[in-house]
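Colleague: First, the structure itself, so that you have it in front of you.
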Amino acid sequence: MAREQWGTKLGFMLAAMGSAVGLGNIWRFSFVAGENGGGAFLLLYLVFVFLIGIPLLLTEVSIGRKAKSDVIGSYKTLAPRTPWFMTGFFGVCSAFLILSFYAVVAGWALYYFVNYVTGNFFQAPAEGGFEGAFGGFISQGWQPLFWSALFMTLTIIIVFSGVKKGIEMANKIFMPLLALLLIILAGFSLSLDGAMEGLAFLFQPDWSALTQPSIYIQALGQAFFSLSLGMGALLTYGSYLSDDKRLPSAAVGIGLMDTFFAVISGLVIFPAVFAFSIDPTSGPPLVFITLPSIFEQMPLGGIAGLLFFFALSLAALSSAISILEVPTAYFMRLFNWTRKKSSVIVGSIMFFLGIFVSLGFGIWADVTPIADFNILDSMDYIASNIFLPLGGLSMALFVGWYFAKPTALKAVDLKDDVFGNVWYALVKYLVPIMIIVIFISSIQ
Ligand code: LEU
């Protein structure tokens, strides 16, 4: 059977942007930035996006396009009888780890959206407010699992509908809608009294934050997570591209768009956080507790809440399909499964893993696999701050050192000119060195 392909280059770009823009830009970005000093974190994150993220994004898509296979198959095709395929193996593991917690958080977003549709959350619950409502909801056994299952079902349906009819089609609708919603919300948030303080938090770096070693690994992890880099999602999407589509402009466009969405969601969240004197370091619940409290006090806040959680669910869905596609494509080739069978089986396994994550907020709240992190935080830490950057490191070494320079340049559609040489030097030297240095310093 011929390999599926995107209908148009724009379709590919929207799908890749859909993958990049997700819970990472809104939910994860806001609490990681809030906990790591705001402006200084944003700056470091931007440096990593431009020096490491975008060059690697181009690299990752090109590997898929060149090999026309899944994340493990691509390395096996391009470097037969070598251990490079282990890079892809890590990618598949990251995909399993990430989607199993991603679907839990996305389930929360769906639950909030539905509670805004019914008007339930227009006002804080009388007892315990939104904090009580959130805490009560996530600590239950069945309810969060139901929403996570619903989310996973939607994800599976899109993936089994195919590359063009499922993934491309969904993103063509979701992405413009999402951009519109977030821009409206940013306008809302910026019009609040006290918005300036939020802007200052986001754009005036507190340089002393840079002396904390953990900020570097956090910013690196956030860059990888947000750009969907290092687990093979973009590689797999790249494998559905024909050779005549030029990559460099696409890679830069995807990277810029993702950054734009991160900054826009910062503009939605931080002005509002400060306008209502909420602690920006409140961690993962930031979006789920503070924002509803904010919406409640805003004029037309119920509608804003509805739009926001709709946008968040859409953004999560367009990213989740790209994660599910990584192992789906791999198992389709490995076991000769149909797309349907592969996506249903893989998605169900991920949902099953997610049960542990969800219970980590309830009966297993005391389980802390790493330091004092609960199950979700531990899985996120391992996947985002370790596996993804390792995947990126390995990919950079592969293209920079395994390929001869002309092969590498040709793969990414660059010439032996200034752009080509800058990209090559980054991928061959700077990216690996930076990742290794950040790793070593974070261990200390
Ligand atoms: N890039 C996505 C996001 O920001 C996550 C990725 C793992 C698909 O939510």
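Here the Cβ of each residue, glycine as well, is placed from N, Cα and C on the backbone.
Found this in TrEMBL, in case it helps:
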TRANSMEM  12-30  transmembrane segment
TRANSMEM  42-63  transmembrane segment
TRANSMEM  84-111  transmembrane segment
TRANSMEM  145-163  transmembrane segment
TRANSMEM  175-195  transmembrane segment
TRANSMEM  215-238  transmembrane segment
TRANSMEM  250-278  transmembrane segment
TRANSMEM  298-324  transmembrane segment
TRANSMEM  344-365  transmembrane segment
TRANSMEM  385-404  transmembrane segment
TRANSMEM  425-443  transmembrane segment
Colleague: Select the range from 145-163, 175-195, 425-443 that forms the most Cβ-Cβ pairs under 8 Å with the transmembrane segment (42-63).
Modeller: 425-443
Colleague: Looking at 84-111, 344-365, 425-443, which one has the highest count of Cβ pairs under 8 angstroms to the transmembrane segment (298-324)?
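Modeller: By the under-8 Å Cβ criterion, the transmembrane segment (298-324) pairs most with 84-111.
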Colleague: Ranking 145-163, 385-404, 425-443 by Cβ pairs under 8 Å to the transmembrane segment (344-365), which is first?
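Modeller: Answer is 145-163, with the largest number of Cβ pairs below 8 Å.
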Colleague: Are there residues at least six beyond either end of the transmembrane segment (385-404) with Cβ under 8 Å to its Cβ atoms? List them, or say none.
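Modeller: Residues 52, 56, 59-60, 62-63, 75, 79, 82, 84, 86-87, 90-91, 93-94, 97, 217-218, 220-221, 224-225, 229-232, 411, 424, 427-429, 431-432, 435-436, 438-439, 442 contact the transmembrane segment (385-404) from elsewhere in the chain.
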Colleague: Using Cβ distances below 8 Å and needing 3 or more such pairs, separated by at least 6 in sequence, tell me whether the transmembrane segment (250-278) contacts the transmembrane segment (84-111).
Modeller: no
Colleague: Which sequence-distant residues neighbour the transmembrane segment (215-238)? Criterion: at least 6 residues beyond either end, Cβ under 8 Å.
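Modeller: Result: 12, 15-16, 19-20, 22, 24-25, 28-29, 32-33, 35-37, 40-41, 44-45, 48-49, 52-54, 56-57, 60-65, 70-71, 74, 88, 90-92, 94-95, 98, 209, 247, 254-255, 258, 262, 319, 322-323, 325-326, 329, 381, 383-385, 387-392, 395, 435, 438-439, 441-442.
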Colleague: Could you pull out which residues elsewhere in the chain have a CB under 8 Å from any CB of the transmembrane segment (145-163), counting only those six or more residues past its ends?
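Modeller: Here the qualifying positions are 4-6, 99, 103-104, 106-108, 110-111, 169-170, 240, 313, 316-317, 320-321, 324-325, 328, 339-340, 343-344, 347-348, 350-351, 354-355, 358.
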